[in-house]
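Annotation comment: Swiss-Prot describes A89, R90, N196, S219, G220, H221 as pyridoxal 5'-phosphate binding site. Annotated N6-(pyridoxal phosphate)lysine per Swiss-Prot: K222, in sequence order, evidence recorded as sequence analysis.
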Amino acid sequence: MKLDDSSLQKFGFIKRDTLGSINIDPLQTGGRLTEAAKQALVEWGDGYSVCDFCGGILDQIKKPPIYDFVHKALPEFLDCDEARVTNGARESKFAVMHSIGKPGDWIVLDGLAHYSSYVAAERAGLNIKTVPHSGSPDYYLDPEGYATAIEEVTKESGKPPALALVTYPDGSYGNLPDARKIASVCHEYDVPLLLNGAYAVGRMPVSAKEIGADFIAGSGHKSMAASGPVGVLGVSEEYAPIVFRKSKYNKVKEVELLGCTARGATVMTLIASFPDVVKRVRNWDQEVENARWFSARFEEMGFIQRGQKPHSHDLMFFEAPRFYEISEKVKKGRYFLYKDLKARNIHGIKSGLTKYFKLSTFGLGKEKLGIVADSFEEILKKYEDV
């Protein structure tokens with residue numbers, strides 16, 4: 001590509017077509033910026049802006065109050081002993097896997113684990129044993145499956161796995177497994193547990209200590225109203241010296257974090273939104289009520305919600321047999337749903353999906369959820385003769 005004036009015109013400021021739409025994309029509902037975060041994005045957008053008064057390590061910066069956020073607020077919020085800011089939940093998971101395990105060790109993952117959990121384990125050189133789920137319609141994860149997996153690893157390798165991970169909730173069906181029971185099972189075998197709370201931390205109450213998780217990973221851009229990439233990591237006192245070990249070449253830098261992580265706008269939008277995030281977590285019961293209301297309304301229309309019932313999270317998976325029938329007959333094919341929703345200013349169902357799809361009701365409130373439900377009903381009626 002020749003970098004002349006003509007070719008460069010495609011870059012520069014780019015407008016976002018979906019801005020202002022009713023957004024039901026699970027990836028985005030929990031990451032919508034607060035007004036304070038939007039201001040912080042501009043105020044702190046210059047590269048290393050937070051380093052005006054840096055003494056050598058990000059989490060020790062007092063002005064702006066990153067130190068207080070990382071070492072006082074986050075441990076209280078996550079209910080853990082020590083915390084750090086990372087470049088995302090996947091980076092949090094990798095830091096734990098890489099520090100706790102050694103190449104050739106084993107990790108146990110749940111059958112609904114996010115792809116990044118697999119990739120992080122692969123990058124850390126770990127072998128993977130998976131705990132199966134029950135399949136459709138519930139996709140239930142039996143905590144005792146962790147005992148079976150741990151025993152299988154021990155039999156095959158001669159020692160227990162270095163780590164176990166549970167996804168809470170999973171990103172496909174929004175199921176909340178019995179994480180406390182899973183932690184108890186893992187600890188019976190002296191296997192530490194990593195809770196992947198990318199869709200939980202910042203949306204709903206989560207306590208690492210109450211669950212018994214040794215590590216907890218959260219996503220700032222997915223669930224804490226922050227500009228990505230940014231995440232959080234909570235660690236128990238027992239494992240903190242291992243995960244947060246210092247470099248022998250630079251005494252203040254932590255190896256697994258490559259010294260410093262989220263600098264500038266990412267960490268400052270996370271901090272800016274934090275007061276609102278703490279408050280919205282207290283409203284979780286209403287979010288669950290809204291999700292259940294929405295699911296019931298959808299099922300009245302013939303959609304089928306898969307996963308836990310009654311559902312306890314905003315992320316939901318639906319089968320849509322009627323939409324699939326329509327897609328096989330109309331001119332627009334499998335893209336008809338995306339286009340009809342776009343015409344109604346609704347965004348979040350991936351283009352081309354009709355047979356099944358997932359969505360999130362988080363933060364929308366009953367009024368907007370009613371608009372979404374009405375729109376789906378209108379689309380069904382539009383094609384009722386097809």
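Cβ atoms here come from the backbone N, Cα and C positions, even for glycine.
Other residues of the chain with a Cβ within 8 Å of the Cβ centroid of A89, R90, N196, S219, G220, H221, the pyridoxal 5'-phosphate site, are G88, E91, S92, A198, A217, G218, K222, S223, P229, V230, G231, V232.
Following the DSSP three-state reduction, the secondary structure of A89 (pyridoxal 5'-phosphate binding site) is helix.
Contacts of N196 (pyridoxal 5'-phosphate binding site) defined by a Cβ separation under 8 A and a same-chain sequence distance of 6+ are given as A89, K93, A113, H114, S117, L165, V166, T167, Y168, A217, in order along the sequence. Annotation for the recorded positions R90, K222: lowest Cβ count within 10 Å of the residue's own Cβ, R90. Comment: pyridoxal 5'-phosphate site residues A89, R90, N196, S219, G220, H221; largest CA to CA distance 14 Å, whole number. DSSP assigns K222 (N6-(pyridoxal phosphate)lysine) to a helix. Sequence-distant contacts of G220 (pyridoxal 5'-phosphate binding site), defined as residues of its own chain at least six apart whose C-beta falls under 8 angstroms from its C-beta, comprise G31, V85, G88, G202, A226, G228, P229, V230, G231, V232, A262, T266, T269, L270. Neighbours of S219 (pyridoxal 5'-phosphate binding site), defined as other CB atoms within 10 A of its CB across all chains, total 29. Around H221 (pyridoxal 5'-phosphate binding site), the C-beta neighbours below 8 angstroms that are at least 6 residues distant in the chain are G31, G88, S227, G228, P229, V230, G231, T266.
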